[in-house]
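Novice: Dropping a structure here in structure tokens format, bear with me for questions.
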Amino acid sequence: MARNLKSMMLCGFGLLCFLMIVDRAYAREFTVGGATGWTVPSGSQVYSQWAEQSRFQIGDSLLFVYQSNQDSVLQVTRDAYDSCNTDSPTAKFADGKTSVTLNHSGPYYFISGNKDNCKKNEKLVVIVMADRSGNKNTASSPPSPAPAPSGESAPSPPVSGTFEMTPAPTPTTSEDTPNSAASSLSFVAALLGAALASTLFLH
């Protein structure tokens with residue numbers, strides 16, 4: 001009886017680990033700004049429109065690509081975002097290829113470490129949804145719009161039951177691809193789970 005209980009516990013633990021890894025495999029990596037990357041944008045709404053095109057969820061990550069000798073990325077509070085205050089960031093990155101994992105729901109605020117660049121709208125806010133059910137944007141749950149840069153008013157949300165999205169310029173390549181490392185991990189986990197199950201059943 002004790003042996004059966006131990007086998008059941010091992011199977012349960014293996015299944016739990018497998019499910020956690022499979023959920024992680026659905027995480028996506030978004031290259032900020034698409035092919036253009038993290039730089040002073042050509043217009044005041046470029047990063048807002050980029051953020052509105054995607055639905056960010058817990059476990060996803062943002063990839064900032066930039067010239068490390070000319071720019072950096074600061075994660076900041078909303079007040080610092082609004083005022084382009086670079087003095088006290090919550091996190092600072094300057095490696096030229098920064099990946100930031102979105103590990104909780106709610107807003108994330110990013111600005112350029114170069115204050116002049118931030119004032120030229122090199123700043124980004126993304127809203128992370130808590131749900132990872134696989135449902136994409138629907139009329140019943142439209143994505144939250146990113147706030148407009150300071151000095152500009154944000155468009156009002158639609159009043160009716162349907163919503164309209166203003167077409168935004170699309171990047172030349174789609175950069176929101178599944179995390180390949182996580183996909184590999186899920187495959188390895190499946191193999192380990194099968195090996196564990198066969199070992200338990202053979203004994």
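Backbone N, Cα and C atoms are what each Cβ position is placed from, and that goes for glycine too.
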Novice: Of the candidates Cys17, Cys84, which does Swiss-Prot name as forming a disulfide with Cys118?
Specialist: Cys84
Novice: Write out the long-range same-chain contacts of Cys84 (disulfide bond), meaning residues 6 or more apart in sequence whose Cβ is under 8 Å from its Cβ.
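Specialist: Listed in sequence order, they are Ile111, Lys115, Cys118, Lys119, Lys123.
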Novice: If you draw a 10 Å sphere on the Cβ of Cys118 (disulfide bond), how many other Cβ atoms land inside?
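Specialist: Cys118 (disulfide bond): 23 neighbouring Cβ atoms within 10 Å.
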